[in-house]
Structure formats: structure tokens, C-alpha cells
Amino acid sequence: RHHRESVQLRCFLHSHFQCTVPRSEFHLEGDYLVGGLFDIHEVTAKLHNRPEAINCLSQPFVSSSHRRFQLMRFSVEEINNSTDLLPDVSLGYEIFDYCTDVQNFPSIFKLISVNGLIQAQNEPHNNLSKVVAVVGLYTSTETRTAAPFFMKNLIPMVSYGASSSIFSRKQIFPSFLRTARPNKDIMQVIVNIVLHFKWQWVAFLTSDNDYGNDGLDLFTKMIRKTDICLAYTNSLNHHTDYTQIFKRINAQNISIIIVFALERTAEVLIESAIQLNVTNKVWIAGDAWSLNKKLPKVIGIKSIGTVLGVCEVAMAIPGFSDFIHRSKSHARCESDGQQKFCNQVCNCSSLSPEEIFAADPSFSFSVYSAVYAIAHALHKVLQCGAGRCNRNVTVLPRMVLAELKKSNFTLLNETIHFDENGDPMFGSYSIIYWNDNGDAEVVGISTFQPSFHLLINNSKIQWYSNEDVPTSKCSQECKAGHVKYQGGIHKCCFTCEICPRDTYVNTTEDPYKCNVCKKTEWSAEGSTSCNLRVVEYMPFTSPIAILIMIGAVALEILTLAISVLFSINYNTPIVRSAGGPMCFLILGCLSLSSLSVFFFFGKPTPPFCILRLLPFILFYTVCVACFVVRSFQIVCIFKMAAKFPNLYSWWTKYHGQWLVITGAFVMQAVLLLIGYSQETPKPYDETLWSPDKIILTCDTNLKGTAGSVILLSSLCCLCFIFSYMGKDLPKNYNEAKAITFCLLLLIVTWMVFATAYILYHDMFIQILNSLAVLFSLYYFLMWYFLPKCYIIIFQPQKNTPQYFQGLIQNYTKTISQ
């Protein structure tokens, strides 16, 4: 059965796909053969997927591929003429014109067969093909189609142009190597060119094939963590509507167009751009067409803008020029009666050497190094040395593959070796610019070993605007202190919002976020950094603090002096009418209330914050309660005693005044205890009112003191009512007027403080608070007690029972009338 199938295959190959052609340059006899696959012709129209061969000679000629084809022939001849590499062994080749990825299978079958028979897998190695390796193919799509036939028996396939990432996967392509750098390296260069010129808003046009799709995937991944945005992308094929593409590009105001496409596709694109009058663009060409010789000479090419490109560093290959001239001078077309295989004819003998040299030289060194890599591997397999090789060695493709993977030799000052994926660890890229003369001028270089590095001489590039580097942005950069707000899918398209006070933006870390300053720092609106706040509080050593504390000490001394004076004159009418023993309670509470003044100064601490108002509120409540009682007693004595004698008797019998004072004290103490247990005053750093300062103060929560303040305010109002009712009492005995005046001053003082507290929260608000406390104490001391002291000391005649009795009798007569 196997024999019958082999015979059928041989008939298939020799009868159906063979044609008689003149002897060509596609075949060279040798001890060992290297296969070659070059797309000397290219199918430009879509073919029907029928299982039939195609005559590539009928398709358009590709001069750059023909140049690479000639370069392989030269490389083999140079190796055969070498006395060091493969001595006494001749290297031949079997080259095919591979113009399509779907209808060139006879060429592949020819390379892997012997006399029309293909060696079955796991069979003894009988009738082995002389083909030990294959050079090719150029495009990724062609390579992906052809490679599986060579992978089966581990026939080394060294590509000089297929750059798709999938070929690095050794589980799928175990015997594949390449001398052209993969797409990831090309994309790295292109992305860094865009970053170098600070372009952000770009379009990416690709061939509709493996090469283009892989490039787009890599580009999309590489720009994720950069400022580059892919504004528009499209795949180019035979049915592309270029008018619509350029309408979209212009509508989105895109100035940078990356074209990662094959040479023929790029030609159609650029020619369409010229016809459609596309102007003022920057074009970045991939390595497949950056050295195109036709486009820079096309009329109108300058109008489309500036063309930059990435290409393999040009390396002059010694002897190639002589080989071409020699080959053309000896050109012949012999017909030796042998039948040659299809697609091994070029019909390009009419090409002059100058036309060959004028073709796109891209991937020349890739072809040259691929042939030499195979030759060096074969040299190792044959154990060559001392001018001879071991011809007894049975050379198997997998043996050549093993040595290929270990390649390490120098070729034109370049060290040739591969990584574990079969990708080259040599080579670099030139950054070129199409100048006004139509030449590809080198303006930069990109290297990969030992690490990636890109260098571009901007001064060599003449931009289409004849000015600075063109810009390409979706949105203009935000002003300093503004953050970007991304509204759509593109991070390059944004609106700018100013950072509020006490925040800043660090554009190098995150331009989309306003960072909050530390508590000890501040910033104005629209800041890029924070400033340290000035820490302020009222120290004890401040002149104002010292004056206020002296006033508090003076109050203590005055209360003590008045207490002594009242003690000495305790049984006199003045002291008795002022309240008698109640006077000493009032003076004592005024003295204790003044302790609060001292806790408004110095660095706030929890105890200081508690004692800042606690003594004042608690003991001042007692003072006010005493004056409420005094005001009530005055009114009762002079106005209510005659009308409500029973009420007055009950009040005097049960000591109503002391019950009221005690009740007020206990109630205030309970309210303070409850309030402070829920909301204890604590140190607080005030930053809202003074943005550049930290004012150390106390956080006195209104919830904690609301009940106490309400009680104290109620007592003040009640006291005011009672004292106002006694405003028409005898002039020399009218204590109610003094109390009323003190309360009016008290109300005005705290209203002024409340207003200042609402409008002004600087450090000096603590000064105002301490003064309000101190003034509240001095009002009663000055307007209630000092007048009585004056009478005691300077008008003793008025401090007699007879004098007071006369005043009362006169006032009683006046009321009865």
C-alpha cells in the first residue's frame, strides 16, 4: 500500500505540476543541498482556493525579493570557494519562486521528497533527501503555511523575514529559526520613536495578514503603560476603501500614521494618499517597506508629509557586486533537454546589475547570515577541520538543527547566535528619513545588546512644516496644578480640572489624581506640591498673655481684699444689703472662675482643654445664681412684701435663696459631667481658617457644653428680668441697677466674642476668649462690689442703720401715695 501511494505521489509531482523550462539559476548540484524559498513574484489578486498549482511567472515581479534570491546564490558560491568553511565539501541549492501561500505546495513537496517519494515518519532513513535545511520564507503568512511540512521531520527552516511572534513558540515550530528580528523588537523601536517625539494620538494601519495582526497586537500591549493612544486602526487588503480611511483619520485630527504592512500594500496606501491629497502627516514605516525605492520618487510624495522608517542596519556585503556583474556577463539560457520543476525560472535575464542594486536592500544580511549559519552548522556536523571533513557522517536534518541552535560565529563583525526560541541575538535597526532627494537618510540607530537603546538626531529631520517637531494630541496638556479627567476610552482625551486647596498633583506619578497634603502641610488651589504649615499657639511668654494673666492675678487680689474689707464690716448695713454671707460666696466663685484664664495659654493638652472653660462655667453659674436670688430678694423686699406677705414669709422661713443657689450648682455640675463624658474637649489642630498655619487649640464641641451654656444663659436672662424690675428703687440703695448694668455689659461682651469666633479663627481668638472670661468677672467686681467698698471707706455716714431706715421709709411712702 505504501509503495502504491508513493508511486501515486510521484506521478502527482512529475506529471501534474511539472513544466519544461530552460535551465535556470535556481538549482546548483552539491554534496548537500540547501532549499530556498523566495517570493520573486507576488500574487496581488485574490485567488480561488482550488487545489491547483500556479505559475508564478505570470504574477508581478518583486525586485527586492529577486535581489535576496541572488544574494543566496552568492552566499553559497562564496562558501564553496572558502578553504576554511566546509573544505572539500560542495554546497548546492534548490530554490523556488514562492509567490503565494496557498498554491505553491509542489515546491515544498519537491524539497522534502526524493525521486517523488516523501520519507514516512518513523521509517528507517533510506533514500534521504540531500536538503539539509531551508532558507525562507519572507512573509509570516507564507511561512506559517509552509513551516509545518518541515517541522514534521525537524528539517531546519531559517527564515530571513518572517517576524510574527508565533514562530518563537518551539512547541509548534521546533525546527524554526530566523535571522530577522521578531516583531516585538520592531514594535519596541516604533513605540520608542513615538515616545521620543512625545506623540500621543496615532493611527496604526496594517496588512490584513499574520504579520500585520501580530504587529497590531504587540503595539497595543506595549502602549498600555505609556501616554500613547491608538486613535484609529484598520487592516489593509484588496477591498480597502482608502477614501474612508483617510476621512476617519482627518476627522479625528490624527497626524501620526504608523504603517506596518508589506511592501506592495504600503505602495498602494501611499499612492492613494497622494491621489486623495492627504497632507501634513508623519508616516512611520515598518521594516518591510521603509527602504522602498519606488515611492520616494513618486510625484507628490512630498505633499503627504514626513516619512520616517525602521530598517535593518545596512551592511555592505563584499563580493556581491562582483558576483552580480559576473553572473550577468555569463548569462545564458541553455536547454539541456532535462525537465526542470515549475517555479524555478525567473525570465529576468534582461535585468541589468544596476537595476538589481537599485532594488530595496532590506533583509540582505538576514539572507546572508541564514546561509552562513546553515553552513557553519553543517561544518560542525561533518567534523570539518584541517582542510577536510568527515564524509562518513550520515547527515540528518535534526543534527544540523542541533548545531544551528548552538551557532556562535562572527560574520562581517557581527556575532551570529540564537536564543532558546530560535530568535536572533544580533542585529540592530537604523532610523531613516526620506529626504528631499528621495533617499533614505539614516537619522538614528536602535540597538538591543546588551540592553535596548535608541538614539535619534532630530536636527537631520526636516519636517513638513519646516518648523519644530509636529504634535499629535487628542487634548492639550493641562496647566500646572490641574489633573486630567478621562471621559472616554482614550487616556489621551481628557478635560482638565484644578486641584482644590490642600491637595496637589504629581504629574510624573499620577496625572489623574489630586493627592491630599499631609496634616502638617498645605497648598493653594492648583498646586504641584505642598508647603509646611507654621505651627502657632499662644505661649505663656507672649506679652498679651502675660498682661491677661496679670489681670487675672489682680482680680484674685481684689476679691481677697474685698473679702477682708467685708469681713471687717460684716455687720454694717452696706454688707448686709449686698447679700451678707452671700457676698463671700460670690467673691469666692469669681476668684475660682478666674482660674480658667490661665489655661488659654501654652500648648494645648487634654487637661488644659478641660480646664479652659470648666471652672468658669461651673463657678460663674453660682455667681449668676446668687445675683438672681439677690435681684429677686430686692424686688420682694420693696415691691412684693406688702402685697404678698405669705410668699415672703415662706421664702425667709425655708432659706429659699440657698435652695436656688444649690440647685443651680448641682444642675450645672451634672450637665458638665454628662457633656464632658460624651464629648471631652481635646487638643485640635485648626487648619481650615488659616491654610498656611496649624493653630493649636481645643476642640470644644457644642454638644458637650450646650446644656451648661443654656442653663447659664437662662439664669442671666432671669437675673436681668428681676434686676430690671427694680430699676426705680432708691438711688443710694439700688443694687438692681448695678446688676442690670453688669448683665448688659456681659451680654455685649459675649455677643462680640461670638461674632469674632464665627468670622475669625486665628490664634488671637483664644485671646478674645480669655478676655471675655476676665471681663465677665470684672464687671460684677467693679460695678457691684467696688461702689460698696467706696461707701465703706470714703462715705461711712451712709453706712448706718438710721440712713438706710430713712431711705426705706421714704420709698414706702412714695409707693403708698
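For all residues, glycine too, the Cβ spot is worked out from N, Cα and C.
TrEMBL annotations: computationally assigned, not manually curated.
The annotation transmembrane segment is assigned in TrEMBL to 544-570, 582-601, 613-638, 658-676, 706-726, 738-760, 766-786. Under the heading domain 'G-protein coupled receptors family 3 profile', TrEMBL lists 544-800.
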Residue numbers, six or more beyond the limits of the transmembrane segment (706-726), whose CB comes under 8 Å of its CB atoms: 617, 620-621, 624-625, 627-628, 631-632, 634-635, 638-639, 664, 667-668, 671-672, 674-675, 734-737, 739-740, 743-744, 746-747
Same-chain residues near the transmembrane segment (582-601), Cβ under 8 Å, at least 6 residues beyond its ends: 538-540, 542, 545, 548-549, 551-552, 555-556, 559-560, 562-563, 566-567, 575, 608-609, 611-616, 619-620, 622-623, 626-627, 629-630, 657, 661, 766-767, 769-770, 773-774, 776-777, 780-781, 785
Residues from the same chain, set at least six apart from the ends of the transmembrane segment (738-760), whose C-beta lies under 8 A from its own: 627, 630-631, 689, 716, 719-720, 723-724, 727, 768-769, 772, 775-776, 779-780, 783-784, 787
Same-chain residues near the transmembrane segment (766-786), Cβ under 8 Å, at least 6 residues beyond its ends: 538, 544-545, 548, 551-552, 555, 558-559, 562, 578, 583, 586-587, 590, 593-594, 596-597, 600-601, 616, 620, 623, 627, 697, 735, 738-739, 741-742, 745-746, 749-750, 752-753, 756-757
Integer average pLDDT (0 to 100) for the domain 'G-protein coupled receptors family 3 profile' (544-800): 86
